[in-house]
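Novice: For reference, the structure I am asking about is given below.
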Amino acid sequence: MQIGKYQLVRKLASGGMAEVFLAKAAGPRGFEKTLVLKRILPHLAEDAAFVEMFLGEARLAAQLEHPNIVQIFDFGEAEGSFFLAMEFIDGPNLRKLVKRAAEEALPPAFCAKVVAAAAEGLAYAHEFRDVETGEPLGLIHRDVSPDNILVSRQGAVKVVDFGIAKVAGQGHRTLTGVVKGKVAYMPPEQLQAKAMDRRVDVYALGVVLYELLTGKRPFDATTDVSVMQAILFESFIPVSARRPDVPVALQQVLDKALAKDRERRYADCRALQDDLERFVLSTGEPVGAYQIAQRIAQWVPEVAAAPAMTPSQGGSKGAVASQAKADARSASMVSPPVDSTSPTTPMPRSLVAPVEVPADSTSPTTPMPVAIGGVVQALEPRSSPQQDTLQSYPVVVKTPALRADASARGASRPRAQSRASGVKVQAPQARDEDVVAMAAASSPPSGGASPAPTTPEDADDAVHTRSTEYAATVPSGRPGGRIAGIVGAVVALLVGGAVTVMRGDDSEVSPVRVNPPPLTHLPREPAVPSQGGRNVPQEKPAANVNAGARDSNDGAQAKPQVSTDVSVVPQEPHVARDATTPEAGLPTVKDAPPENGGAASKEGSAVVAKREPAKASGDPEPNPSRVRERAPTQKVAAVAKGRLEFRIRPYAVVSLDGKVLGQTPFAAVEVPEGRHTVRLVNKELGKDVTRTVDVKAGQATVFKLNLEAE
């Protein structure tokens, strides 16, 4: 998925205001930079006042450059959504370490050092002055929490989202409880909507330090309301009550940082940093970037990467463009598509036939004929620098003698075995006049299905059991002795037929007689319109098929007569995509008039494959052979749909009709109209709620629920 000039790799996190993605920015000559993209959620992007405030704060935060602050590189808009491009930190946030602390106590010196580094970054922001006027800006973070402090695997501590929380905390934009746990880090003056200063961030850092030491929050409260009551009117639980081994000096730092009266609190983050650094020095333990990195590697050994994004998933988990291209390349090598309406690369001057075989990755440019159930098919090559050379020579394909019993065995063989046998390709010969025209194949055994697909839908199944015989000729003259044309049509699914080799030296055309096994005996059916618009008769008496060929050099004619005692039904010939496209530079196959004989056009004209319809033999007894027609495709009426958006407070994993959609927030989804069952799960709150929602076609429905009130 692309956002502006950035390619999304995978989703990292989501919150009440935005969702965060790992992204890449590409440049010339292979330049590439990994960064993080934070995209504002659509419902906030629709508020012009919010966007204006957010843009102003983004400009301000972009000026902050400090080792302990995540740097902002870019701000932009794409597809109606605003985003920030910022520095990528390879490592966890402190929330993961808090969870670790609930299981195993973290060293006090380590906790103090990490919080001191965050305090240094915040102190820099608090003291930042306007570049033009030199006046202090009085910038306050207002949203310090373990989620917004990151620790890289190199031991660097970084404060993120500086300035964005200030926008969210303005007046009517205080989204209490939307981002989980934020209320727990607010001092009393912030909850009372009093004037705030940098001591707001001091209090929040004190709560973060308390959690790192104990794995718990300072108050035993579970809801936002009870937490607010505790912050305003209750004393926090002493850290010594939960962890007696915490040194007294560090307990005193916590008492001062968490004072309800801000006048008794540290005046700024710089003062808090100083006391924490003194404590670290007093322990006598070296705690620097190297020691922090070692601890992170020990406690958080790996960060599981989400699956790369795919184009169809959009903003959900999943892929970069290079991965999508690689998947596309792999798919094209496994099963090249067959499109009969829009040709792409012209076929080389070898064989033209319907294609539905995997490409050989070892030889991607040479057309490789493959025998599938007795039908020889050639693989269309991909374009390559060697293609012109390959197209300059005819490719002669030699097939073994066709026998009814051999063809039946080939049809009953597994597809993988059939593909690997029956065809040999020899190197180009010196004679340019040699051209191979393949116009026949054996039928499947009784009751079997023919394996010769003609459209992508028919690639893995075949239901036709028709048979007929054709002969085709090819113009063989061309200035310079080169081949003027090649065979443009190969009839698919033929019971009887011949392999005719036509030469440009006036040699006769000699079809080879094949005696196929009888067709499948099916019950009597009424006449069914065929693909060509003709009616398929119920009875199919024996037919005589006459095919003619004319040499384009001197007008000499050769009219071999081929007849079988097998009942046949006329059928429109199946030809490859490029054989029917004039601009592909290849011969075109057309229906011939019903009279006997046929002629090939002169040099440069199209090849005409002629056939005659079946003629009744006068036998009163109907032939039991039947034509098995594909049932007409029924178009399914489109289901009316509407859009459903989920606004859950604080968040939840949403399932719709038993299918998991993901964790909120996420974009609105398109669902069929009607009543649906919604399940919301929030493990942190211990909530599992099921509701129903009615969706109307063509309308947007918003599902709102506050899980904390449930």
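In case you wondered, yes, glycine gets a Cβ from its N, Cα and C as well.
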Novice: Would you mind telling me which of 42-62, 483-503 Swiss-Prot tags as transmembrane segment?
Specialist: 483-503
Novice: For the ATP site, Swiss-Prot lists LEU12, ALA13, SER14, GLY15, GLY16, MET17, ALA18, GLU19, VAL20; sort out which one of LYS33, LYS38, LYS96 goes with them.
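Specialist: Only hit among LYS33, LYS38, LYS96 in Swiss-Prot's ATP site, alongside LEU12, ALA13, SER14, GLY15, GLY16, MET17, ALA18, GLU19, VAL20: LYS38.
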Novice: Near the Cβ of VAL20 (ATP binding site), how many other Cβ atoms are there if near means within 10 Å?
Specialist: 18
Novice: List the other residues in this chain whose Cβ sits within 8 Å of the Cβ centroid of the ATP site residues LEU12, ALA13, SER14, GLY15, GLY16, MET17, ALA18, GLU19, VAL20, LYS38, in sequence order.
Specialist: ARG39, LEU41
Novice: Applying a 10 Å Cβ distance cut-off over all chains shown, what neighbour count does SER14 (ATP binding site) have?
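Specialist: So the number of other Cβ atoms within 10 Å of SER14 (ATP binding site) is 19.
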Novice: Using CB atoms and a 10 A radius, I'd like the single residue among the binding-site residues LEU12, ALA18 with the highest neighbour count.
Specialist: ALA18
Novice: Record lists LEU12, ALA13, SER14, GLY15, GLY16, MET17, ALA18, GLU19, VAL20, LYS38 as binding ATP; longest Cα-Cα distance in Å?
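Specialist: Max span of the ATP binding residues, Cα based, is 14 Å.
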Novice: Determine the Cβ neighbour count for GLY16 (ATP binding site): the number of other Cβ atoms within 10 Å of its Cβ.
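Specialist: So the Cβ neighbour count for GLY16 (ATP binding site) comes to 20.
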